[in-house]
Amino acid sequence: MKNPVYWAVLVGMTVLLMEQGLPVRSQGDSHSDNKVMDNITVRQGETVFLKCSQGDVVTHTAWLNRSSILYAGEDKWSVDPRVSLVTLNQEEFTIKIENVDMTDEGQYVCAVQTSSRPRTTSVHILVQVPPKIINLSRDIVVNEGSNVTLMCQASGKPEPSISWKLISSSGDLASDDEYLEIPSISRQRAGTYECTAVNDIDADLQTVDITVNYAPTVSEGRYVGVTLGQRGVLECEADAVPEADFEWYKDDRRIFNGFDGMEIVNTGSASKLTFFNVSDGDYGNYTCVATNILGSSNTSFLLYGPIAVQDGSGGTMGVHSHTCLLFIVFLPFLLRF
């Protein structure tokens with residue numbers, strides 16, 4: 001049965017010994033009444049067993065944690081359901097603590113009363129905790145040229161190391177710090193950034209997406225030759241974030257979908273202006289304008305048809321306009337001779 005007076009004296013004696021500090025001796029040192037066992041290292045969530053040697057002359061025994069009695073003989077004093085008795089006989093007194101947490105870390109003492117004098121055995125439990133990222137920057141959208149700082153903080157024991165890398169690139173952008181600084185970010189630095197927290201136990205990984213907005217740039221326009229009555233297509237491509245809106249113009253007049261038998265189809269980063277039955281009035285200069293919230297860009301196209309010229313026999317032959325244009329370019333040089 002529990003004797004409150006006796007155990008109060010025993011606890012007071014044990015706490016006094018703990019406060020005075022016990023010499024570190026091996027567990028097998030039979031000349032010491034007070035023993036300090038090696039530290040027990042356990043991972044968070046695992047079960048730890050605390051074993052204390054007994055003997056025939058032991059009259060009372062108890063396991064304590066920081067002046068609180070866990071077990072006094074077979075009597076459980078702890079209200080923690082994770083703590084339970086494993087073995088109690090003349091050889092050993094063993095208890096276990098299941099699902100160990102950081103709050104269980106610290107010194108544990110087995111206090112034994114013999115017929116002659118008390119003795120104690122103490123052990124320190126070290127709890128290792130796998131890393132967990134607890135504070136991470138959110139996905140962000142920024143304009144090109146902005147300064148960006150990403151933050152990644154993690155808990156764990158031992159203290160985890162933090163590293164950053166841009167996983168959508170060749171890996172030339174990286175950091176071994178909880179803060180990643182990206183000055184004057186460019187569109188090439190957009191993508192998914194990976195934060196990794198690592199310690200001796202495990203690793204934790206999370207990602208942050210950076211979207212970089214920039215003004216459109218359009219592909220260079222070109223000359224497109226189409227025979228009368230045939231189908232012709234002018235295609236305009238734009239690189240932009242967010243995606244660009246497209247407008248088409250012939251000279252200074254805007255073209256709308258369905259105008260004069262023309263069709264405009266926009267598909268993400270491209271816009272197609274289609275002529276289903278090219279007529280003389282369709283030939284000429286066209287301008288594609290790509291616009292988003294950060295600006296606009298444009299490029300020009302020339303839609304042309306074949307040009308008929310007289311051959312030496314009085315007949316006609318088709319000469320495409322690009323051949324005619326080359327002739328016009330070199331005509332001044334020919335006139336010099």
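Numbers here mean position along the shown chain, with the first residue as 1.
Yeah, the Cβs are placed from backbone N, Cα and C, and that goes for glycine too.
TrEMBL annotations: computationally assigned, not manually curated.
Note that this is a predicted model, so its numbers are computed, not measured.
What TrEMBL annotates here:
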- 23-122: domain 'Ig-like' (DOMAIN)
- 131-211: domain 'Ig-like' (DOMAIN)
- 216-300: domain 'Ig-like' (DOMAIN)
- 1-23: signal peptide (SIGNAL)
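When DSSP labels each residue, the domain 'Ig-like' (131-211) comes out as 3 helix, 49 strand, 29 coil, counted as helix, strand and coil in that order. This prediction places the mean pLDDT of the domain 'Ig-like' (23-122) at 85.
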